[in-house]
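For reference, the structure discussed in these notes is given below.
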Amino acid sequence: MATEYWSRHLRSVLAPLFAAAGTYSPEDQESHLAFIDEHIAPNLGPLPWEPHGPYSTPSSLVGSPFDPSINIVSSGKAKVRFDFDVISPPDRTGPDPFAEGSAREILHRLADLVGADTQWMGYLMDALYLTPAEAEVAKTKLPPGVAIPPSSVGFDFDGPERTLKFYIPSVRKALATGQDVSELMLKTLRGLQPLGSELVPAMDLIASYLSTRTNDAMLPLVGIDCLDPRTHKNARVKCYLHTSSNSFAVVRDVLTLGGRLSDDTSLKRVETLKSVWPLLINELEGPQSDAATMDESWSKPERLNRTGYSGIQYTIEITPGQAIPDTKIYVPLFQYTDSSEVAERNFESALKKLGNEWGLSGKYRSVMQEIFKDVENYGQTYASFSYTEGKGVYTTSYVAMPIKDEGGGSLAGDFGFRN
């Protein structure tokens, strides 16, 4: 029954996204949806009104454990993606209180299905999952309201291909062992194999920045592409940074690693983002509405403070042999308006300003209105932004179908990394 429920929930968003993207043949769409029915729906846990560990994805804002998204490059080409958290037990009891054993089983099974490489994933699991003794310590130190998934699972869909992505936090291990969250993650990443030595120059930049930054940026999470880096030189290690402040001065500082990234691409990335910043934070009137003259030191008050999704998230994306990393920002649109319609309109205006076909033609809002036509206020959760010389500007829209059975849903309250 739960699998059938989750299959309907997943299809309600993903089927129209695949159709709208314009990059998937009918055969691709049918294959991907069948894969989702058979291998993703069974892993979303019990029915939402039955006992389960807290949902901690941004989609928990509307009661869902599942984060669908659509990535749109400057040419208008689009790719569908999604991620979900491995669901923990409701009461942290039993032999697998934090679902780390379950996460190992789920991820290795999915890796086998799609032919993914597990070398980096296996190393990170061994380094950051808890020993039995550490699990006992974590149970006493972690307050019940803290939601830290053991891992998150993601998939990118490129034509007929499916690429597995794996995400793992260092927060629980740091708490259980008394280590600093960022230092533990950096130490762990320095031992990554294979090709860990080729990641060191970019890792050194991140470590240097975190040791001298004037804001509170920290590194609680890492994500990887489950590809063999020896044959896929574009395999990424994505270092997720978080800041409490949402001022553009802090954004600029993080995206350039305190000025360490001063190449033309990094600087253009920041200035292009600045041109649409007022739209992303819903500042359409007043002094902060003009990107050219706005006060970069100003932080906008948030709707929902003290949540796991307050402030701003970033990724510093490193690949073997590349000394200069790419940087990306994730803006929580829901923090700046309680209306999905307003967030949707602002995001399309940003696409239009960036010259993206999905904005210029009105396609973005048309697709959203078709998917969520029966929903009064859906989850417009995040927008990500980056720029590279090869891709140009590329953005991702993260959306979520509400689960009404959850009574409206509530955003995950605390991930523990600021405690």
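Just so you know, glycine gets a Cβ as well, placed from its N, Cα and C.
Per Swiss-Prot, L-tryptophan binding site is recorded for Pro58, Ser59. Summarising the environment of Pro58 (L-tryptophan binding site), the number of other Cβ atoms within 10 Å of its Cβ, over all protein chains shown, is 27.
Sequence annotations record features per position, and here Swiss-Prot assigns substrate binding site to Arg81, Lys165, Tyr167, Arg236, Lys238, Tyr240, Tyr330, Tyr394 based on similarity to another entry. Around the Cβ of Arg81 (substrate binding site), the number of neighbouring Cβ atoms within 10 Å comes to 20.
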**OP:** With an 8 Å cut-off on Cβ-Cβ distance and a minimum sequence separation of at least 6, pull the same-chain contacts of Arg236 (substrate binding site), or say none.
**Re:** Gly223, Ile224, Asp225, Glu317, Ile318, Thr319
Original post:
Cβ distance under 8 Å to Tyr394 (substrate binding site), same chain, sequence separation 6 or more: which residues?
Top reply: Asn71, Ile72, Val73, Ser74, Phe385, Ser386, Tyr387, Thr388
Original post:
Which number gives the other C-beta atoms within 10 angstroms of the C-beta of Tyr240 (substrate binding site), all protein chains shown included?
Top reply: 19
**OP:** Determine, using Cα-Cα distances only, which of these binding-site residues is closest to Pro58 (L-tryptophan binding site): Arg81, Tyr167, Lys238, Tyr240, Tyr330.
**Re:** Tyr330
